[in-house]
Structures are given as structure tokens and as C-alpha cells.
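Listed features, source TrEMBL:
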DOMAIN    7-294  domain 'Deacetylase sirtuin-type'
BINDING   32-52, 113-116, 238-240, 264-266, Cys282  NAD(+) binding site
ACT_SITE  His131  active site, proton acceptor
BINDING   Cys139, Cys150, Cys198, Cys201  Zn(2+) binding site
Amino acid sequence: MFVPAHEPALESDCRRLEKFLEDKPHILVLTGAGISTESGIPDYRSEGVGLYARSNHKPIQHGDFVKSEATRKRYWARNYVGWPRFSSIAPNVTHYTLARLEREGRISGIVTQNVDRLHGKAGSKEVVELHGSGYDVICVGNQNERGKGCDYRIDRHEFQHILDQLNPAMEDNSTMMRPDGDVELSMEYVQGFKIPPCPQCGGNLKPEIVFFGDNVPMPRIEKVVRMIIQSDGVLVLGSSLTVFSGYRIVLQAKELGLPVAIVNIGATRGDPKADLKISARCGEIMSNLFKPNR
């Protein structure tokens, strides 16, 4: 229900992508929300079915989360209720195909804009989560101007047990899942929600997700740059490249003279830079790549 309207993939598109990949054993893959919509996780921008199209709600802003107790309570209440569903979502054919291509030595690694950890669930090993992950919780208390502070972290499943104990009467009355795993809740369910402070410093806890308005950590950016330099091309799957942290990868690849291929339903910011653009559902294309029986 979260995949936008699209034309069926063409056999010729699959063969064109195979030709792009076949002489490049060090392809770097950049994935976006468009590959996870096929697993049932909505995105923000898909025409007609993304969060922006289905509601007037905007994604949480980092500054609001850090400064406002009401914002933190609203976010964690929604995330708490949505977590059992979000964390149980399974990878789809695109995730499994990328894991297979990595095992076969056809790609060198994945940089994902998604926070759902579906690449890891599918078996991919060399994955950089550009925008972090919803599967870890960190402390944002006592941070200095360089973002250094308390180093407390806890697994999100373990944190869910703590929230269970603090909010035993909380029920799932949600109406709609959001891209980061939280859900829509009425204010009556949010107001009484209890959030524990950091047990080390008393600071505020947040998922290790780069919220809108925050910056990708510099060590992560530097690792991605090294991956681009060591690659022989970039394949973009399911990303509109609207967010600059993703688009920058395409720009850096082209500055190095590397070829870029894009598979996405609809136009992307990177289309003018692409050596190959295929407008199709990623799962249809990826499921037909390098089939051993063909």
C-alpha cells in the first residue's frame, strides 16, 4: 500500500542494469526509503502514498526533540507503540538480492538512508547506516559543541522492556505508521507516558537516528567518502535523493569520474547526473538480476 503507482519493469531494463554492473565488482549501493516501502514501511515523499501525501504531519526536528520535553514524550509514546510492528518487519527481495550480490562479489558495500536495519536482517555485511538506526538508543545529554558527551547506549529491544515497566497501561490505539517507526496517537495516550532518564548522567535519551535538522556524524561521512573512492561506480536504489546527504554521494562519484545508475519510481534529484536511469519498482528489477538459471 506504500508503493506509488508505477509501470511494470521491462526485461530490457534488467539487462541494461546487468550490463552496467557486470564489469564493476566494486559497486557502492545507496538505498533509500523506496526499497523498504515494499516491506510495508511508508516513506515521506512518494506521490499519493507517502506521509506528506497522506497527512499534514511533518517529521520530527532534532532541535525540537532536544529542547522540548513535550516533543520527546510525544515521540517516545508513538515510537513505543509502533516498535513491535516496526521491528518485526521483514526484508524484501531487494534486500535479499543485495545480500546475494555482496556474497557473489558483485558489490562492495551499501550505504543506506533507511533506519530499519533490513539490510542486516537480510544478511548484508558491509552496511553504513547514513542516518543511523532505530535499533539503538543513545544519550544526548551534556553534549559539547562537537557533539561529544555521555556515551550511554542501549539496545532498542531492551529499552522497550523498560518502557513496558514504566507504562503498563499503554495500549496500541494507533492509526498510521510513520517512516521512522513511530505511529499516530491521540494526545490522551501521550500525556501520561513516562520516559526514563539516562542512568549514567540523567540526560535525555533518543534513538540513534539523524533527525531532520541534525547532521550526519563526521566519522560516518568520512567512511562513506572512502567507500566512494574505493568503488568503481554507484547504484542508487529507491531514493529521490532529495536529502543532500544522499545526493552528495552522487555528486562525489561524478567528481571522481565514476558512473552512476539510478533505479527509482519517478524522477530523482540525481537524474541529470545519471549514466543510467530506470523508472521502475526496485523489487521487480533486482529480483531478475544475474539469475543463475538464466
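Cβ coordinates are placed from backbone N, Cα and C, and glycine is handled just like the others.
Positions of TrEMBL features highlighted on the structure.
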residue	record	Cβ neighbours (10 Å)
Gly32	NAD(+) binding site	25
Ser36	NAD(+) binding site	28
Gly40	NAD(+) binding site	15
Asp116	NAD(+) binding site	25
His131	active site, proton acceptor	21
Cys139	Zn(2+) binding site	22
Cys150	Zn(2+) binding site	18
Cys198	Zn(2+) binding site	20
Cys201	Zn(2+) binding site	14
Asn264	NAD(+) binding site	25
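For Gly40 (NAD(+) binding site), the nearest of the recorded positions by C-alpha distance turns out to be His131; the candidates were His131, Cys139, Cys150, Cys201. The subset of recorded positions (His131, Cys139, Cys150, Cys198, Cys201) lying with their Cα within 10 Å of the Cα of Ser36 (NAD(+) binding site) is empty, i.e. none. The shortest Cα-Cα distance between Asn264 (NAD(+) binding site) and any of the binding-site residues Cys139, Cys150, Cys201 is the one to Cys139. Put simply, Gly32 (NAD(+) binding site) is 30 Å from Cys150 (Zn(2+) binding site) when counted between their Cα atoms. Cα of His131 (active site, proton acceptor) to Cα of Cys198 (Zn(2+) binding site): a distance of 22 Å.
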